[in-house]
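> Okay, these came from TrEMBL:
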| type | residues | note |
| --- | --- | --- |
| DNA_BIND | B:17-56 | DNA-binding region |
| DOMAIN | B:80-181 | domain 'CoA-binding' |
| BINDING | B:GLY91, B:ALA92, B:GLY93, B:ASN94, B:ILE95, B:GLY96 | NAD(+) binding site |
Number of protein chains: 2
Amino acid sequence: MDKKKNISMAVIKRLPKYHRYLMDLMKNDVDRISSKELSEKIGFTASQIRQDLNCFGDFGQQGYGYNVGELYGQICNILGLTKTYKTVIIGAGNIGQAIANYTRFEKIGFRLEAIFDINPKLIGIRIRDIEIRDIDYLDDYLKESSIDIGVICVPNNNAQKVCDILVKNKVKGIWNFAPVDLVTPEGIKIENVHLSDSLLTLTCLLNDID
Amino acid sequence: MDKKKNISMAVIKRLPKYHRYLMDLMKNDVDRISSKELSEKIGFTASQIRQDLNCFGDFGQQGYGYNVGELYGQICNILGLTKTYKTVIIGAGNIGQAIANYTRFEKIGFRLEAIFDINPKLIGIRIRDIEIRDIDYLDDYLKESSIDIGVICVPNNNAQKVCDILVKNKVKGIWNFAPVDLVTPEGIKIENVHLSDSLLTLTCLLNDID
């Protein structure tokens with residue numbers, strides 16, 4: 001684990017995919033796999049795999065392959081899957097509700113504590129037994145809670161304001177679904193899901209084949 | 001536009017961000033911008049910007065900057081924003097419903113034609129006046145329609161099957177929300193939104209700061 005601090009963002013972005021494939025291998029009772037076999041499944045080159053996995057320890061053995069269970073455990077550890085993350089969702093529109101309803105995120109340690117919205121029609125409604133609260137009380141709520149992740153699902157023009165409230169209250173992780181690039185002090189970790197950007201990537205690719 | 005075929009995937013992935021920032025500049029009546037000014041806003045280096053934008057034409061002029069309107073128009077064109085895309089959503093669960101309800105995707109030319117699900121409780125319900133149909137009729141429906149994009153929002157174990165039906169019926173674009181890597185013949189364009197992977201990236205980053 002001492003090598004961990006040197007893991008690049010590019011490797012971090014590939015880790016969830018390793019995690020998915022290793023979990024499948026575990027489910028299928030595969031104990032060992034070579035970088036070549038893993039390459040065929042996962043679609044990265046064998047050399048890329050060796051380089052990536054070398055970032056966080058000495059797992060592979062020439063002519064012997066990787067110990068699937070050990071590798072899986074280590075990746076879970078690096079991905080922070082051994083912890084739980086107290087989470088609030090801000091914005092209970094389409095995507096906010098979808099995220100709130102995703103029970104499988106709980107396996108990742110995502111523990112939904114509260115949901116906030118500005119819309120009086122939504123305030124008071126319950127999603128999976130969690131009441132939607134008035135966004136005016138977000139600041140007060142955060143002062144009294146210890147929240148790890150804030151999920152921003154509000155429209156563009158409110159996203160930075162919500163982000164500032166989260167940061168002010170020591171929320172360190174932001175999962176941002178608003179199509180804006182948030183400005184935060186150093187140390188705050190942001191992961192963006194820009195759905196419009198993703199759709200535009202697809203239309204761009206489609207346009208290319210005409 | 002002759003340079004377009006050479007645009008790399010890395011540049012394509014950055015184009016939606018250029019599109020967003022240029023749209024903002026247009027809204028604020030900015031006519032010209034230098035790569036340095038754009039760099040400060042968008043967060044790519046000025047040299048990266050010059051290199052990217054050079055991929056699809058000769059826009060910038062030394063000491064003069066980019067013509068915002070011209071550049072925006074060209075990026076819209078490359079992103080395929082001048083067309084409409086007939087779309088079906090397969091899977092009307094949390095994320096499928098969220099996507100169906102996103103009216104702002106219509107501005108990108110996303111025209112929702114039909115929604116399919118396997119759940120009898122959902123079949124017949126209307127989302128934005130589009131009735132959820134029985135997934136058993138997906139194949140027949142696609143035979144008679146000319147669909148550009150299929151949005152896969154079904155669980156993992158059905159995603160490849162749905163993908164195969166789409167591909168068989170000449171759907172060229174797949175927006176995949178299932179956390180699996182779909183296998184398709186060449187020429188099919190896939191854009192993945194793996195929400196669990198995204199959340200894992202965030203937990204990994206958070207784990208790093210402990």
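Using the three backbone atoms N, Cα and C, a Cβ is placed for every residue, glycine included.
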> Under 8 Å Cβ-Cβ from B:GLY93 (NAD(+) binding site), six or more apart in the same chain: what's there?
B:ASP117, B:CYS153, B:VAL154
> Can you give me the same-chain residues 6 or more apart in sequence from B:GLY96 (NAD(+) binding site) with a CB-CB distance under 8 Å?
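Set apart from B:GLY96 (NAD(+) binding site) by at least 6 residues yet with Cβ under 8 Å, we have B:ILE89, B:ILE90, B:ILE115, B:ASP117, B:VAL151, B:CYS153, B:PHE177.
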> Is any of the binding-site residues B:GLY91, B:ALA92, B:ASN94, B:ILE95 near chain A, in the sense of a CB under 8 A from one of its CBs, and if so which?
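So the ones by chain A are B:ASN94, B:ILE95.
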> Is it possible to get the count of other C-beta atoms within 10 angstroms of the C-beta of B:ASN94 (NAD(+) binding site)?
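A 10 Å sphere around the Cβ of B:ASN94 (NAD(+) binding site) contains 19 other Cβ atoms.
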> Which state, by DSSP, holds B:ALA92 (NAD(+) binding site): helix, strand or coil?
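It is coil.
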> If I restrict to non-local contacts, at least six residues apart, and a C-beta distance under 8 angstroms, what lies near B:GLY91 (NAD(+) binding site) in its own chain?
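Spatial neighbours, sequence-distant, of B:GLY91 (NAD(+) binding site): B:PHE116, B:ASP117, B:ILE152, B:CYS153, B:VAL154, B:PRO155, B:VAL162, B:PHE177, B:ALA178.
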> Once near-sequence residues are set aside, which residues in the chain of B:ILE95 (NAD(+) binding site), 6 or more away, have Cβ atoms under 8 Å from its Cβ?
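Spatial neighbours, sequence-distant, of B:ILE95 (NAD(+) binding site): B:CYS153, B:PHE177, B:LEU195.
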> For the DNA-binding region (B:17-56), DSSP counts of helix, strand and coil?
28 helix, 2 strand, 10 coil
> Take the DNA-binding region (B:17-56) and average the pLDDT across it for me.
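Computed over the DNA-binding region (B:17-56), the mean pLDDT is 90 on the 0 to 100 scale.
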> So what sits near B:ALA92 (NAD(+) binding site) in its own chain, CB-to-CB under 8 Å and at least six residues off in sequence?
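The answer is B:ALA100, B:ILE115, B:PHE116, B:ASP117, B:ASN119, B:LEU122, B:ILE125, B:ILE127, B:ILE132, B:CYS153.
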> I'd like the per-state residue tally for the domain 'CoA-binding' (B:80-181) from DSSP, helix first, then strand, then coil.
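Each residue of the domain 'CoA-binding' (B:80-181) counted once, the result is 37 helix, 29 strand, 36 coil.
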